[in-house]
Amino acid sequence: MAATDLERVSNAEPEPRSLSLGGHVGFDSLPDQLVSKSVTQGFSFNILCVGETGIGKSTLMNTLFNTTFETEEASHHEECVRLRPQTYDLQESNVHLKLTIVDAVGFGDQINKDDSYRPIVDYIDAQFENYLQEELKIRRSLFDYHDTRIHVCLYFITPTGHSLKSLDLVTMKKLDSKVNIIPIIAKADTISKSELHKFKIKIMGELVSNGVQIYQFPTDDEAVAEINAVMNAHLPFAVVGSTEEVKVGNKLVRARQYPWGVVQVENENHCDFVKLREMLIRVNMEDLREQTHSRHYELYRRCKLEEMGFQDSDGDSQPFSLQETYEAKRKEFLSELQRKEEEMRQMFVNKVKETELELKEKERELHEKFEHLKRIHQEEKRKVEEKRRELEEETNAFNCRKAAMEALQSQALHATSQQPLRKDKDKKN
């Protein structure tokens with residue numbers, strides 16, 4: 001036997017011994033204690049409704065819980081898909097239920113439907129993250145924490161009678177690892193029974209061929225194994241919703257009145273509404289809550305903790321302590337921080353160098369422009385000086401001509417003034 005096998009044998013816990021009691025102790029009341037505590041604490045159940053606008057999501061919710069939930073009228077012109085949660089306090093007998101209905105408003109209404117699933121996935125992850133953060137608190141209070149994790153997704157399929165839309169396949173494929181999906185055919189009274197049967201077979205075949213994992217009612221519990229196995233064969237449920245009461249015979253029943261007859265909501269020959277209500281609420285509600293916590297949330301939690309550096313040890317290695325994980329993550333963070341600082345410093349140096357080169361280039365351009373303007377100025381100054389010199393020469397020449405002209409004029413004037421005097425002298429002589 002190998003050394004590791006010996007270690008495993010030596011470290012194995014001894015089998016507990018079975019003992020008989022000599023009298024009544026009292027721990028047989030544990031189930032009653034658990035029931036009493038659960039009833040006092042109350043229950044929460046969160047339903048996500050995904051389907052096109054006007055397909056009957058709100059009507060079905062009102063029909064399922066036999067009440068009228070206040071909801072806003074949805075529009076066909078939503079720019080993007082948005083999640084609208086509404087929480088209600090319900091009570092049946094002495095059981096208190098905090099019910100949250102989350103409607104995917106605007107789903108399938110956009111021209112570009114490539115990312116229609118993204119807001120839904122983000123919302124589900126956000127609820128997981130909120131619960132994880134509450135778990136990681138030093139002083140956590142999960143007892144009175146309002147659990148908003150989605151327990152079931154009712155996926156409403158348009159009753160085309162042909163096949164699933166690509167949007168439906170893509171969305172359910174993105175959601176199947178995050179939430180329990182129950183596909184239902186809405187407004188099932190719009191297609192015939194034969195077409196409905198073929199449509200169900202077509203839908204299940206497409207889901208299997210595309211690897212979409214929908215919620216299967218559990219068959220490991222003997223108390224519900226038989227009914228759940230039968231109901232699994234009826235998926236997807238074809239439902240009709242209505243809050244109106246119609247008189248059929250001598251009693252009022254919830255139904256839809258048509259010119260050709262009445263479709264009774266709770267008549268299993270007309271639709272699968274009763275099957276859906278039984279499977280969703282009466283038989284498997286607790287299993288949906290448990291699957292959400294033990295499967296979908298645990299998968300999210302494990303991925304998040306692995307991202308943080310936590311991991312489970314295998315059988316041959318020592319378990320990782322929180323201190324070791326902290327130190328490893330701290331070193332990793334510090335090295336990453338130093339790397340980022342070096343990158344930023346180098347980026348800053350490169351930016352400074354680029355700025356210096358740009359400034360030098362600007363300086364050179366300004367200097368060249370200055371020299372060019374200086375040469376232009378000197379040339380203009382030379383031209384002005386030359387013009388001034390020419391003007392002075394012309395002015396001097398003009399003054400000289402003017403002086404000569406004035407001298408000639410004075411001589412001529414003097415000569416004309418002497419002529420009469422000479423004539424007078426000649427007469428006297």
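Each residue, glycine too, has its Cβ placed from N, Cα and C.
Looking at 103-106, 199-202, 207-210, the range annotated in Swiss-Prot as region 'G3 motif' turns out to be 103-106. The stretch that Swiss-Prot tags with region 'G1 motif', taken from the ranges 51-58, 243-250, 291-298, is 51-58. Per Swiss-Prot, the stretch carrying the note region 'G4 motif' among 130-133, 170-173, 186-189, 302-305 is 186-189. If you look at the region 'G4 motif' (186-189), the same-chain residues 6 or more away from its ends with a CB under 8 A from one of its CBs are 51, 55-57, 60, 156-159, 196, 238-241, 256, 258, 263, 270-272. Lys57 (GTP binding site) carries a helical DSSP state (H, G or I). All protein chains considered, the CB of Lys187 (GTP binding site) has 21 other CB atoms within 10 Å.
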